[in-house]
Each structure stands twice: as C-alpha cells, then as structure tokens.
Amino acid sequence: MTQSTSVSKGGRVSRKAKKNPDGTMSIVDHLRELRTRLLRALAAIAVTTIIGFIWYEHGIPAWAIGPLHVPRLPSLGEILKEPYCSLPPSARATFSADNECRLLATSPFEMFMLRMKMGGLAGLVMACPIWLIEIWRFITPGLLKNERRWTLSVGTIAGFLFVLGVVAAYLVLPMGLDVLLHLGDSTQISALTGEKYFNFVIALILVFGLSFEVPLFTAMLNLAGVVHYEQLKDKRRIMIVVIFIFAAIATPGQDPISMLVLALTLVVLMELALQFTRIHDRRAARHVSEWEGLSDDEASPLKVAPSSIPAAESIYDGDHKGIAGGGDAHPAGGSGPIPKPSPVTAPTRAPSASESPTPTPSPAPSDSPTSGSHHAPPAAVLRRGPRSWNDSTGDNDGKPGQDTIQSSSFDDVL
C-alpha cells in the first residue's frame, strides 16, 4: 500500500493510501488499518452507549405511520426487572407507598454506576452489527473465497445460537427466582439490590448464551477432522452426565429449574450436533481415498497385479549362424551359442627409416613335448617408463624382473 500526497486549494496537504494491485500490505499498513477499524467500532459503541444510558430510564413512546402502529417500548430497567416484579408480592419486599416494584440501592453511587454499567452493555449489544462488520472487513483480505463463506456461515449460526440462549435465559429467569425466593419465605422476605440482581441476570444470560455455542464447536471439530461420529456415539451417556454437572455448576442461582432447562436444552442441541457429524462423516466416506487415513510414516497400499515379462525376440531368423558357424555375432537379445573369443596377438611396432630391422631370435627348445606343429610364440619383453615394446632381451645385464618382464607368450603377460 502506497501513499499519494495532494495539496488542496486552502493549502492543506492530504494523504490518501493507495492499495497495491496484488493486495499485499506492510506491517505499518496493517496497524493503520486496525487503528481505523477500532476507531470506527469505538465511535459506534460510544453513540449506542449514550442511547442505552437514556433508554435505561426512559422508554420509547408509541408511534404510528399510516396503518403501521408501533407500541410503546418499555425502558431497559423495566425489561430487566420484569422477571423479579412478576413474582407475587408476598415473595418480595415493597418499600414504596404505591406498592410499585423497585430494587434497592444501598450506596449513594450505586444507582449511577449501575445505570452506566447497563447502558454500556446495552450499547455494546446495539453496536454489535457495526463492530462485527469492522472485524469482518479487517480479516476478509487475508481469507480465501472458501474461507470467507465458511466464516460468514459460522458467524451467522453462532450469533443465532447466542441470541437463542439469551431468550431462553430470560424466559427461565422468573421460574428460577420463584423457586429460590420461596424456599424460606416463612422466615425471610427478599429485598434484592439492583447491583446483585442485575449481576445475577447478566451472569445467567452469558451462561446460557455461551453454552449454546458448544454444539457449534463440536460440529466445527468434526468438519476439521478432529472428532468423528463413531467416537462421540460411544460417549453419549458420558456427555449427558457432564452436561448436567456443568448446568448445576454454571447456573448462578443454583436452582433446579434453571439447571434442568439449561441441561435439557444442551442435550437436545448436542444430539443435533451428533446427527450433523453422522451425516457429514457418511458423506465424506463416499469420497475419501484409501491413503487419507494413513499416518505420515505409513506406506499406502498399491493395487498392482504382478505380470510376467515376455521373452526377448531376436531380429534374426532361425537359420542365422553364429561366429562358430561362420556367421556374424548376435546382437543383444539374439538366440544362439556364445562364440569362442579370438586369440590376442602381440602388438608390433613398424621400424622407422633410420632403424634396421632386428632379427627375431629363435625360441629356446622346450623340454615339454608338444603335439603337432604348434609352437610357443617368441618371448616378448615389456619395458618400463617411456620405452616401447621390443623383441630383444633388454639391458640391465640380462637380469629379468628389474626393468624387464619376460614371458613365454603374450597371453602370459596379459
């Protein structure tokens, strides 16, 4: 990403960043982009926080546009305290003269801080479309087309499950409070403060909302190939027991109603996740290769049937004769007997013009009898150094074995 500088009519210098054609960005450009996204998200949260601060005490009046009539929207405080105020008057303390349901405040700044806290949470929820879009635009350039589609799908499902958990928590809250506040009503009467009550409501909403994401997390692990349906099916009973234990610990009120509602809802969602993994594994098994299930150091099976090697065919016909029969040598792959190698003769050097031919001495008679007219060839002498082959017996006082090598035939020398 590069920067272009331009000067306006008023003398102000404006710098605009130009994106590279290939989409690459430096670290400084990434930090600048992150700063821009964070500032936009924080600005949206600040605006919605102000709206939430006002909405905490004041509702939105009813209005109508033509045939469309919108009823009055209660204030945020009225919506949050409705589960508590829906209890019978005998289960809660009333301190106002008109018997209106209100929460207690035990410190001077409790009401202001509670209003700021609830306004900030409401602003964070109302601004979630904006800061989610900013996060999406920041991470999208680094994702492939397939990854963008999966991320958008997972994010949409996660948001739907969280909202479903929040609605379930809000519906189960009156039943949980009814059980808790009637356990010792013959001796005590409840007078909840605003801080403790709203903390209880927020904790219950977060527990339900985040717990509803567990089935989605299980499905994502199955898509990544970490867990499979056969593994989860064998541990279904253990999972149900773990879910009930988690619901008993996680619910802030520790009442049986909230625990049962959370546990039963999670069991249903986990069963849906298990059926998703079963369908996904069945579809993936149709397109899986045999080598995909092997480890990195295990050889894949090769289905190669052994085949016989055909015999080599000769380029000659059947009447061709070898060297022994007076014909030419067979090439590679030919058939026929292997011919006897021809004898090797001693190399000779032609005498130059300045040299006179030296008579070849007759060989010494051999004591061993010879058959026929076959005679041993003359002795050949191999001299060392730059000397050449010669038929004479050489120098060194006729001492063989020092500078000369004598043999009865050239075949013995070889």
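Just so it is clear, glycine is given a Cβ too, placed from its N, Cα and C backbone atoms.
Some features that Swiss-Prot has for this protein:
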type     : residues : note
REGION   : 1-21     : region 'Disordered'
TRANSMEM : 45-65    : transmembrane segment
TRANSMEM : 119-139  : transmembrane segment
TRANSMEM : 157-177  : transmembrane segment
TRANSMEM : 200-220  : transmembrane segment
TRANSMEM : 238-258  : transmembrane segment
TRANSMEM : 259-279  : transmembrane segment
REGION   : 315-414  : region 'Disordered'
COMPBIAS : 323-336  : compositional bias 'Gly residues'
COMPBIAS : 345-357  : compositional bias 'Low complexity'
COMPBIAS : 403-414  : compositional bias 'Polar residues'
(message) Should anything in the same chain at least six residues away from the transmembrane segment (200-220) have a Cβ under 8 Å from its Cβ atoms, list it; otherwise answer none.
(response) 80, 83, 121, 154, 157-158, 161-166, 168-170, 172-173, 176, 227, 232, 246-247, 250-253, 258, 262, 265-266, 269-270, 272-274, 276-277
(message) Can you tell me which parts of the same chain pack against the transmembrane segment (238-258), counting only residues 6+ beyond its ends and a CB-CB cutoff under 8 A?
(response) 172-173, 175-180, 200, 203-204, 207, 211, 232, 266-267, 270
(message) Which sequence-distant residues neighbour the transmembrane segment (259-279)? Criterion: at least 6 residues beyond either end, Cβ under 8 Å.
(response) 161, 168, 172, 175, 207-208, 211-212, 214-216, 218-219, 222, 227-229, 232-233, 236, 239-240, 243-244, 246-248, 250-251
(request) For the transmembrane segment (157-177), find every same-chain residue at least 6 residues outside the stretch whose CB is under 8 Å from a CB in it, and list them. (result) 83-84, 86-87, 201, 204-205, 207-213, 215-216, 251, 253, 255, 257-258, 261-262, 265, 269
